[in-house]
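Chemist: If you scroll down you'll find the structure; I have some questions about it.
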Amino acid sequence: MTSNGDDFNDFSSVLCQPSTRSQPRPAISRVQVSHSSSRHVQLLRTMSQIIQLKNHHLDGMSTDFLYHLAINVVDTKDTRDIQSQFGDVRFILTGGTSTRMLELAKYVRKLFGVEDTSDPVDLCKKGHRYAMYKVGPVICVSHGVGSSTFSVVLHELLKLVHYAKCKDPVFLRIGTCGGIGVPPGTVVVTKNAFNGLLRNEHEIAILGERVVRPAQFPESVIKDILAYGARDDDGFQIISANTMGTDCFYEGQGRTDGAICEYSAEDKMKFLQKCHDLGIRNIEMEASMFASVTQKIGVKAGDICVTLLNRLDGDQFVSFP
């Protein structure tokens, strides 16, 4: 497949400006490097396609209401209205809270040189569940906490970019996590996503049966994110490593500060060491589902998280920047 990097070059030309220390930026903005750098690469070398969904039942639907996004596809055979609104989207940036996504949208808007100081419009406001902000070829969408809420909006976002005939869309999750054996502030780009059973897979119950799917992110996306994020003067490290995505924030992550805990501190440390031995350097609650769904569809995706603490040193994060 051939690459069409024009849209990406437009986006990266502003994302890749050298840092300005007098204007602190969120950690995710460090995944960048100037165009003049020898590390500059095109993020989408090999893609030039509209994603194909894995559901033949959709072919028989004349309309499709994306309920949680509050977006109605009135005619699935003629989606020109959806294409006019979302057809230029190349990057789908997702994160936990609506506030984070609003701030991210305003940050991206500033990078694009948009002088409007008003808040971007929440395109999903009527749905009362998720928030979506669009800035040129970028949409910033909240996904809540954990795989269950993320999977809902991810299915509908995949359908949205399909109906909009978006070319070469890239899905990125940008979030926070707990580190394992890495200092706070480390940015981890997920390679293999493990579930709470320490298996490199995502497990889901479908029609009363256990279905297991692989959960890896494409190496090409990982390499390109690392190339943009590798800087000697930023004061923190960016690494590629395995990630554990659990279904529970407390017991599922081996914490001893939840409402229920029936294991010892020693058991906890043995578990965390086992994770570390598997190459897992961070724990969150979305990676395995996110990797498996995007891998199943065949869409480019990446998971980028900054560690707030080292779990080998403790369980609680007690301050916000």
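From the backbone N, Cα and C atoms, a Cβ is placed for every residue, glycine too.
All annotation found in TrEMBL is predicted automatically rather than curated by experts.
Pulled from TrEMBL, these are the listed features:
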- ARG129, ARG173, ILE174, GLY175, THR176: phosphate binding site (BINDING)
- GLN253, ARG255: substrate binding site (BINDING)
- 1-23: compositional bias 'Polar residues' (COMPBIAS)
- 91-310: domain 'Nucleoside phosphorylase' (DOMAIN)
- 1-34: region 'Disordered' (REGION)
Chemist: Of all the binding-site residues given, namely ARG129, ARG173, ILE174, GLY175, THR176, which is spatially nearest to ARG255 (substrate binding site) at the Cα level?
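Modeler: If we rank ARG129, ARG173, ILE174, GLY175, THR176 by Cα distance to ARG255 (substrate binding site), first place goes to THR176.
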Chemist: Whole-number Å distance between the CA of GLN253 (substrate binding site) and the CA of ARG129 (phosphate binding site)?
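Modeler: With distance taken Cα to Cα, ARG129 (phosphate binding site) is 26 Å from GLN253 (substrate binding site).
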Chemist: State, in Å as a whole number, the widest CA to CA span among the phosphate-binding residues ARG129, ARG173, ILE174, GLY175, THR176 given in the record.
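Modeler: Pairwise Cα check on ARG129, ARG173, ILE174, GLY175, THR176 gives a maximum of 21 Å.
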Chemist: If you count CB neighbours within 10 Å, which one among the binding-site residues THR176, GLN253 has the smallest count?
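Modeler: Each of the binding-site residues THR176, GLN253 was scored; lowest Cβ tally within 10 Å is THR176.
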Chemist: Please give the average pLDDT for the domain 'Nucleoside phosphorylase' (91-310) in this predicted model.
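Modeler: Result for the domain 'Nucleoside phosphorylase' (91-310): average pLDDT 96.
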Chemist: Highest CB neighbour count within 10 A among the binding-site residues GLY175, ARG255?
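Modeler: Highest number of other Cβ atoms within 10 Å: GLY175.
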Chemist: Return the residues near ARG129 (phosphate binding site), defined as same-chain residues 6+ apart in sequence whose C-beta is under 8 angstroms from its C-beta, sorted by sequence, else 'none'.
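Modeler: Listed in sequence order, they are HIS68, VAL153.
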Chemist: What count of other C-beta atoms do you get within 10 angstroms of the C-beta of ARG173 (phosphate binding site), across all chains shown?
Modeler: 25
